[in-house]
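Below: the structure, in C-alpha cells.
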Amino acid sequence: MESWLRILFLFACLFPAFVECRIRRYNFNVMMKTTTRLCSSKPIATVNGKFPGPTIYAREGDNVLVNVVNHAKFNVSIHWHGVRQLRTGWSDGPAYITQCPIQPGQNYVYNFTITGQRGTLFWHAHILWLRATMHGAIVILPKLGVPYPFPKPDHEAVVVLAEWWKSDTEAVINQAIKSGLAPNVSDAHTINGHPGAISNCPSQGGYTLSVDPGKSYMLRVINAALNEELFFKIAGHKMTVVEVDATYVKPFKTDTIIIAPGQTTNVIVTADKGSGKYMVAASPFMDAPIAVDNVTATATLHYSGTLASSITTLTNTPPKNATPVANNFIDSLRSLNSKKYPAKVPKKVDHSLFFTVGLGINPCSSCKQGNGSRVVASINNVTFVMPTVAILQAHFFGIKGVYTTDFPQNPPFKFNYTGIPPTNLATMSGTKVYRLPYNATVQLVLQDTGIISPENHPIHLHGFNFFAVGKGIGNFNPKTDPNNFNLVDPVERNTIGVPSGGWVAIRFRADNPGVWFMHCHLEIHTTWGLKMAFLVDNGKGPNESLLPPPKDLPKC
C-alpha cells in the first residue's frame, strides 16, 4: 500500500493544481520521431516523442528537477526560457555560454527554483536549430491559497505557436551558412503542432479547443517559432490580456495580440456566443522588406453541442505589415503595479549602455552564392563568436583565453543608424562580455540599424526580467527621449521587440551573479552573431554568490 501511495503522490506532484509539492521531477528523453505534416513525413528532434513537447507544471517557490537524457546522435541542451535562475546559472541551458552540451548517450539534471514568478514561460533546445521542434510550455501557478489578481477562469489551455519546414531544419541553416545568404522560410506555421486547413493538403487536421457556453478560458499563448513574429486572434471573440512573460499586467481587451519569438501572453476568452465553430488564426507580422512564411495557421474554437459539419466562422488576419495593429497592442501593456505586485523600476542608473543591433556583410571566399560575401549580424558591431568552452565555466574556474571583458558600452563608431548606412558594412568578431558588479542598475537602449534592412528584433535577456521604459522610431535622442520614459508602470518582460527602424529602452538590476546570454530570438540572427553576454560578479556572502557547479555538469 505504501508503494501505491508513493506512486499516487509522485503522479499528483506533476499536476500542482491538486497537491502541494515543493519538488517537481520530470524526465526528458531526447529522441528522433518520424512525424507527418503537410502530407509529408520526416524525422524530427523531440522530447519524449512529442511535438510540442511535454508541459512542465510548477508553483511559485517550487524546486524543479528535469533529468534530460540524450538518446539522439547530436549534442543537446535545454533552456528554461524566462526562469530567473537565481544563482543557478548552471541550469540556464544555452550551449557554450553556461554549459557544455549534453553529448549522445549522456544525461544532465537541470535543478532550479521558481522564485517570484507566476504565469507562463516555456522551454526549448538551445543549440543549433533544434528548438524548431524541441519546445514546450512551463506553467507556473501561484502559491497555494494565493488567487489570481483577476477573476479565476473556469478552464485553462496551452497554445503553442511554431513553424514547420518540410526539409530538415539543420539542412536549411547549413545551406544558408554555406551560401552566405538567408535561409529558406518555413512552409507553414503551427498551432499546438498542427498547421490546420492547408489548401494543398486537404487531409491535414488542426487543433480544436472545445468550450462550453458561458465559461471562461485562460489561453497560455507561446511563440516558439524560430524566426517570425505572429498575430493571434479568434473569430468573433475578444481576449482580455492579463499576463506577459510570467508577469501580471493591467487587464485590457483586444481582438488581436502580437507575440514575438520567445514571448508568452496569457489571455482570457469568454465563450459568449452560445454555439458554433470559430476560426483561431496565427499569421506573420513583418513590417520590413524581408521574406516571411505567409501561410496562416488555423485552429478551431468549438462550442459543445455544435455539429462537426457546421460551417466555421472565419476571421480576417491583419496584413503582414500591420505596424499600427502591433503598436496598439504593445503600447497597451502596463505592469499591474499593485501593492502585492509592485513594479520595482530602477530610478537611479549605474550603467547607461547604448547597443546597436542589426546586420552587416563580411568577406567569405567560399560563399559563391553570396558573391564572396556573407550576411552577418552584430551588437555594437561585434559579431559574437561561440567559444568551445562554456563561458560560465571559464569564469568560475578562471580559465584564460575563452572570452574578454571589453564588450563596448557604445557603438565603436557613430553613424545615422536608421538612415543611409555607412560605406563599410563589415563587423568585427569576438567572444566579448560586458562585466557588471553585483546589484548594479542598468539602462540599456537597443537601437535598430538600417544596414541591409531595418527589422524588428525580439531581444531576449537570460537571467533577468527588465522593464521596457521607452521606445520610439528613428535614432534615440539621449537628451530628449528620456523625458518621456515611463518609470511608474512599464511592462516587465524577458523578451522585447526592438522596433523596425527604431529603439527601445530597458532597465534592470544585476542582482543575479553569473554569465547571462542576451541575443535576438530570431534564430537566424543568433546564428549570424547577434548575441553577447553579461558577466555579473558575486556580491557579498554566499546568498549573493553563484552556486558551485553540479557534479554532473556536462563536459566539452
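Every residue, even glycine, has its Cβ placed from backbone N, Cα and C.
Automated prediction, rather than curation, is the source of TrEMBL annotations.
The signal peptide feature in TrEMBL is assigned to 1-21.
For the domain 'Plastocyanin-like' (30-143), the mean pLDDT of the prediction comes to 97. The domain 'Plastocyanin-like' annotation in TrEMBL covers 30-143 (among others).
The residues of the domain 'Plastocyanin-like' (157-305), classed with DSSP into helix (H, G, I), strand (E, B) and coil, number 11 helix, 73 strand, 65 coil. Annotation source TrEMBL lists domain 'Plastocyanin-like' at 157-305 (among others).
The feature domain 'Plastocyanin-like' is assigned by TrEMBL to 407-539 (among others). With DSSP states grouped into helix (H, G, I), strand (E, B) and coil, the domain 'Plastocyanin-like' (407-539) comes out at 10 helix, 58 strand, 65 coil.
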Give me the DSSP three-state residue breakdown of the domain 'Plastocyanin-like' (30-143), ordered helix, strand, coil.
6 helix, 58 strand, 50 coil
